[in-house]
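Residues or ranges marked as domain 'Myosin motor' in TrEMBL: 12-698. Per TrEMBL, ATP binding site is recorded for Gly105, Glu106, Ser107, Gly108, Ala109, Gly110, Lys111, Thr112. Among the features that TrEMBL reports, region 'Actin-binding' is placed at 575-597. Summarising the annotation, TrEMBL assigns domain 'TH1' to 891-1077.
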Amino acid sequence: MEVKTSLLDNMIGVGDMVLIEPLSEDTFIENLRKRFEHNEIYTYIGSVVISMNPYKSLPIYTAEKVEEYRNRNFYELSPHIYALADEAYRSLRDQDKDQCILITGESGAGKTEASKFVMSYVAAVCGKGQEVNKVKEQLLQSNPVLEAFGNAKTVRNDNSSRFGKYMDIEFDFKGDPLGGVISNYLLEKSRVVKQPRGERNFHIFYQLLSGASDDTLKKLKLDRDFSKYNYLSLDSATVNGLDDAACFRTVRNAMQIVGFMEDEVQSVLELVAAVLKLGNLEFKPESRCNGFDESRIKDKNDLKEMCELLGIEQSVLERAFSFRTVEAKMEKVSTTLNVAQAYYARDALAKNLYSRLFSWLVNRINESIKAQTKSRKKVMGVLDIYGFEIFEDNSFEQFIINYCNEKLQQIFIELTLREEQEEYIREGIEWTNIEYFNNAIICDLIENNKNGILAMLDEECLRPGTVTDETFLDKLNTVCAEHQHFESRQSKNSKFLTDHSLPHNCFRIQHYAGKVLYRVEGFVDKNNDLLYRDLSQAMYKANHSLIKILFPEGNPAKVNLKRPLTAGFQFRASVGTLMKNLLTKNPNYIRCIKPNDKKAAHIFTDSLVCHQVRYLGLMENVRVRRAGYAFRQAYEPCLERYKMLCKQTWPHWKGPAREGVEVLLKNLQVPAEEFAYGRSKIFIRNPRTLFFLEEKRRQCLEDLATLIQKIYRGWKCRTHFLLLKKSQVVVAAWYRRFAQQKKYQNIRSSALVVQSYIRGWKARKLLRELKHKKRCEEAVTTISAYWHGTQVRREYRKFFRANAGKKIYDFTIQRIMQKYFMGLKKTMPSMSPVDKSWPARPYGFLDGMHQELRRIFHLWRCKKYRSQFTEEKKATYEEKLAASELFKDKKALYPSSVGQPFKGDYVEITKNPKYQKLNSLVEDKVLLADVVSKINRANGKGAPRIFLLTKKSLVLADQKTGQVKASVPLLDLSSVSVSTQSDGFFALKLKEGSTSAAKGDFLLSSDRLIEIITKLHRIGAASAERNQINIDISDEFLVQFKQDKVCVKFIPGTPKNGNGVACKRKNNRLLEVSVPSP
Ligand SMILES: Nc1ncnc2c1ncn2[C@@H]1O[C@H](COP(=O)(O)OP(=O)(O)O)[C@@H](O)[C@H]1O
Ligand SMILES: [Mg+2]
């Protein structure tokens, strides 16, 4: 954040109008506009604050802002209302000067807001504590209450104060608030009964109807609907951005904080309700016998409700609206009221009721916020009074208001000039007279006791006879015609006779702020402010505590026949007191300006602002300020600000500040007439000089900035360098240390390694020796132990039981074996090799041996059996064995041959004489001789033949004759074919190409086929020169008959074929043999 040390820093336009160059109305307004556009709404003229209404909320009223402005000199920061408030508060607290803050400006220019900012600032900066906070809170909360009852929406301002307010805040010597006193001025009570177009009645009426609970409204006999009430204007009943209901809650809350009792609040609301009810009363004429009309109330319901609310007897009030009692001396005369008079009376009552209620509220608040101590108090007054008003139609109220503003302007002129003068005297500077417009002459026109306008009006009102507004105007025309600020058509001053902008029933006054045309209509009435006594008496009779207090003149015991004071008189008196009061205080001015008529932000209407600047006399104000010396500043801050412009004063000036400034100015060669030395301040005549100084300062600041920059950069570089250097040393030191450390650690660890190796080697050597030694010792011990053991065991073995087990075991086994073998011997099976029996094994563990024994036994038995055989028998068995090898399981005939011994010679060839010859033909010993059938190829029938087999050949001979039919050497035989079945067919096949083959193969049949073939085969096997004869076993084979080959096929026989084997020729090539199945 930028730090400000002077108002002159970062100014937008100029912050103080005194510095404007050149000074003209245009530059003045241009400066205001420029600042306004930058949201700089405050500008100074010396110590006066000009405030432009921004018509939008600005972030310049925060707690931080309060802190910023707190205890700072007036010109130190940008212009702000807080600077003024701070100045006023501090001079009150520290210099014991009573202060007043005068806030002036048009309606809607921001006066009330300004007064609130001042109060909240003072509240924020003054002391704290429970009691103090309570007082502060009460003072602040009096605002919403008064605003609700005294403010209304007007065309100029949605929250326009319709009363003047002056509030004295009282402080103790420490500056803590003690309490306050509020004075109110002239409430615009005509608003209660009638509002101009686009405006509203006082806020409270709308707030009550919108915000009160249904229950409260019922109690007050009110209806929420605005349109039910004559006194409420409807065309602008709601205001944009204004929440009446919420405001009502705020007001109730504020009343509670300020200290209103619940029943007091209720009474106040009842009165407000009564005013509304009163507005609804309507009258009708009723003819009387004397020819006059008398007024009567049309609808008595509202009257009844109102009387109930206020506790008034209905008939009394009703009568008061129909009759009027006039008392003169000791006489009482009662006259009737016509309808118009009744309405007049009704409105007068409403206005009075409301304005008295308002005054009562102010008093009640004062009671609450009254300072509790009697000790001396310091006072800060805040005046927020209605501004200068110029309407199309200006009446008595505007006249009074403008008079008040006229008076304020007067004291403004007086006080500013006085203050200026006093400062010059204080500072010992020569005073030069200043020309300015003094509005005292206008004040005199209005308030002069003899021929002032107010005095004329009072005179008219008191004058017996018919008094009207016109007679009053006539009077003015005659008395004031000569006055240079008074204008009227009827005045003898011919200047205005032809002025058509000035109607006949009007007069015009040239106020300091402009010309204002006043319509005289109503002046007399309003000044009289007449309330018929019957009404005030009726009110006094009410059974309602508050109403009774408000109408003390109704008390019959205190009948005062004197006319009541006129409004004008009262006002003049109170303004007089106010002025006196203000004159005793140190004034602080806030001049409010509204930038446009539209209540809009960002719009700046030159003509409107220009008008306000003119009538507020701001230009004059500046001129007065600049007449002598435009700018002044205490020596210390001045020297502090410009000391860099001169070598002697820079950077420090040792002597008094004044001398420093003198040296400085001399050095800068400022012309002597441009400044004057006061006691504590230097006075500069021309803003130009100040700007010259400022410019120089700016340049110097630039140079200084460069210098500072240069030195700072140098310093920064050097510090950086030094730091680098230092760091380098540190780094180097650290690095060296680190390197050394590392080296040392290397050496150390190497030493350790070497050491450890040596130690290890030594240790291992020692260990080996020790181990060896130990092993030797152990070996000796072991050997001796074993030796001893052996010795002992040897000696003691016989005593050991441990050996018994094995012996017992061996013995048992022996016994078992013995028993086993003995048993086996007894139960041995027969010696027959075919006996399959074998005793059961007695023990499982003997299983293998038992079987082995059985096998051995069997082999032995067989051997024994074989050894009994004779050579002959042996040969027979060998033959049988061979037969078995050849045919077992191959030919079905075989089993039947097993039981029959192979006899060989079945025909007893040697013995039978028939075969003597045959026998002799055969050279070798006949191995086999039997009768076989030779199968005929042609029919399949067999022819018996004797079959002889020797070692070398086989012979076929006729059975009967013994004649050799065929003799075939066995060498010519190639193979034998037989069937698998139980038939006896066999074919002897001859080697192709052999001598015997010419006749073809032999197909024979014999019951002893097995024997024949076996023998044939054995011969082949035994002879060395011949190959064995092949034996084909198959159910189908070929037989070579001379040329042809015939197939012999064996088929199972059917019962049809009989039980024997039958051979049939099927065709030339097939012989079919049917074999019955066994
Ligand atoms: N400083 C301000 N910041 C914001 N709005 C402001 C300021 N001053 C005035 N106003 C606006 O202008 C309106 C009229 O101001 P107010 O103080 O009631 O005028 P006055 O009392 O002069 O008639 C206010 O209701 C508010 O909206
Ligand atoms: Mg106001």
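Using N, Cα and C of the backbone, Cβ positions are placed for all residues, glycine too.
Between the binding-site residues Gly105, Gly108, Gly110, the minimum number of other C-beta atoms within 10 Å of a residue's C-beta occurs at Gly108. With a cut-off of 8 Å between Cβ atoms, the residues of this chain six or more beyond the region 'Actin-binding' (575-597) that come close are 32, 36, 47-55, 81, 84, 87-88, 91, 97-106, 108-111, 114, 118, 156, 166, 183, 185, 379, 381, 383, 387, 403-404, 407, 410-412, 414-416, 419, 603-605, 608-609, 612-613, 616, 618. Note on the region 'Actin-binding' (575-597): DSSP counts are 9 helix, 8 strand, 6 coil. On the 0 to 100 pLDDT scale, the region 'Actin-binding' (575-597) averages 91 in this prediction. Counting every protein chain shown, the Cβ of Glu106 (ATP binding site) has 26 other Cβ atoms within 10 Å. Proximity of the binding-site residues (Gly105, Gly108, Ala109, Gly110) to ligand 2: a Cβ under 6 Å from the molecule is found for none of them. Thr112 (ATP binding site): 23 other CB atoms within 10 A of its CB, across all protein chains. There are 28 other Cβ atoms within 10 Å of the Cβ belonging to Lys111 (ATP binding site). What surrounds the ATP site, by Cβ distance within 8 Å of the Cβ centroid and not counting Gly105, Glu106, Ser107, Gly108, Ala109, Gly110, Lys111, Thr112, is the set Asn53, Asn157, Gly387, Cys592, Lys594 from the same chain. Here Ser107 (ATP binding site) comes close to Thr154, Arg156, Asn157, Ser160, Tyr386, Gly387, Glu389: these same-chain residues lie at least six apart in sequence, with C-beta atoms under 8 angstroms from its C-beta. Gly105 (ATP binding site) falls within a strand segment according to DSSP.
Under the DSSP three-state reduction, Thr112 (ATP binding site) is assigned to helix. The C-beta environment of Ala109 (ATP binding site), restricted to residues of the same chain at least 6 apart in sequence and closer than 8 Å, consists of Ser51, Asn53, Gly387, Cys592, Ile593, Lys594, Gln612.
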